[in-house]
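Engineer: First, the structure itself, so that you have it in front of you.
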């Protein structure tokens, strides 16, 4: 049984007929008479007789000396008519449906009754026939997903009468594989339908012929819900809907998307005979159809642009459906024990540090802290589910990336994957010193939920250790096993970024971090983070999570606008509303008009008493809160220099709260390292 993802965001609906949202049509109607196979045969025979009488008014006997090729005969009999309502090339002889794949039935597009004059009665396939065929096999349709690039093939009237939901995901058949956002929509719609229904209803999926686009989508669904390789999924579909996908570029796109090597033994099936025989028009030219699944090469999506300069402003991942994003936002709020509030689930829930000043500096004396460097990257939370990984940015937008995160299962390849694990971290760009090659890396520094189990109340040191054991180690173990195998089918090097746990060190090492570690980093760093070793995870502003930045890099994020009177204005947020910061001005290197309406990060120039533009914050949709601004200004005015900070820390680590635990932690660290070497 194929099971959809359950984010535990909503209670299950009362029945399986709950309406979908805007793009989904749902109707209920009284049961109507369903024609039996005998009645259909009689009706089609009568229509055939009427057609012959109209074509032969003199009633002379008709003698057929050889089989009639209905495909060409009917499609070319009236060229004026077919300009408006042309049968897709190869449709007549293409098999109507394939075998069921779980609850999914692959199909060619059913044609509406407006095509009856063009289709021989014995070859008609409308939704009436489609529904009847499935009912004869004991299957009741509950959802139809239409992948064609047009709406000319049928009206949804027959579906409405049956109370069958209809989802339109428009995909081009020529020149490109379906877009990743369309794939995400397909997987979500199928998963939600299966999750919500109580009776075992089926899903009919069709493109034009039910092979390339249909197969591409179904294989994506199998890959995200079943433990199988692309090769296995392709074979699974081809057995259910022979010959399967017959466009080589679609197959190549599947292997590229899931970072798998295509076996040399895998041969793409040839174009089916029913399709080849219909590809030429009367002039011997290829029959053009914008919605057609032809055999022409398609443009593969560019997943890995090695020659493009990477920046922190790059948009990562693929768009997901709005409803799925809402569910994931609700999941984050629930797991972090946050109330919805006035702004609903629109506010990013991740923990934020506060600027170090002379007041909160005293917290280092009162609680046990560790330190790490403050990377100048892009903040993301990550939600790992069974069907993919999702990056959550500061604007609380969520996008899907294709990554692999196995759990400890049998300590072997092919174990179970994480499902509903929530992480926190930052995306940085490493520039290798020798080659100048850029690599994107996700530094994970916290874990809030482990496979749907909240752990935010546990102390940080436990969460940090669990992060290594439960997320990083299984991934490294699987990668090692795959690379050592005879058939290293999965390529971790093709993933969009690398992953590692961020290091934290004893407070006694801060001098080395500043003097030796940060200068050797292959990415930008703008200061230090002080993390309470025993702290729970605190969503949003965490007064005990401290950041110290180099004086010249202390910054505030403003909303910059140029008013109707050409007045340049800086805004912050106060209680969710814009607050004009009178008397504050910003200095730009370029014309200010290009920054109007944007969130800009600015540093403070104390000599000229002016804010200096640093960069546009594309990862944020709102400016800093007024309280954040006040804390940054206090930090700037307190002017805790590197020298002052190091002197304070040298005193702090002599306190009993530190001296004893540093001794214990140092011994534990040595023990762990020696155990790893063994």
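Each residue's number is its place along the chain shown, starting with 1.
Each residue, glycine too, has its Cβ placed from N, Cα and C.
Keep in mind the model is a prediction, meaning the values are calculated, not measured.
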Engineer: Would you identify which residue of 394, 399, 567 TrEMBL lists as part of the GTP site it also attributes to 379, 424, 425, 426, 547, 548, 549, 615, 616, 617, 618, 619, 620?
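Structural biologist: Only hit among 394, 399, 567 in TrEMBL's GTP site, alongside 379, 424, 425, 426, 547, 548, 549, 615, 616, 617, 618, 619, 620: 394.
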Engineer: Which stretch, out of 26-62, 63-99, is listed as region 'Disordered' by TrEMBL?
Structural biologist: 26-62
Engineer: In sequence order, which same-chain residues at least six apart have a C-beta under 8 angstroms from residue 374 (active site, N6-GMP-lysine intermediate)?
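Structural biologist: Set apart from residue 374 (active site, N6-GMP-lysine intermediate) by at least 6 residues yet with Cβ under 8 Å, we have 525, 526, 527, 528, 529, 547, 548, 549.
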Engineer: As a quick check of your reading of DSSP, tell me how many residues in the domain 'Tyrosine specific protein phosphatases' (184-252) are helical, how many are strand and how many are coil.
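Structural biologist: Summed by class, the stretch gives 43 helix, 6 strand, 20 coil.
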Engineer: Which chain-mates of residue 617 (GTP binding site) that are at least 6 residues away have a CB under 8 A from its CB, listed by sequence?
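Structural biologist: For residue 617 (GTP binding site), the qualifying residues are 394, 557, 598, 599, 600, 601.
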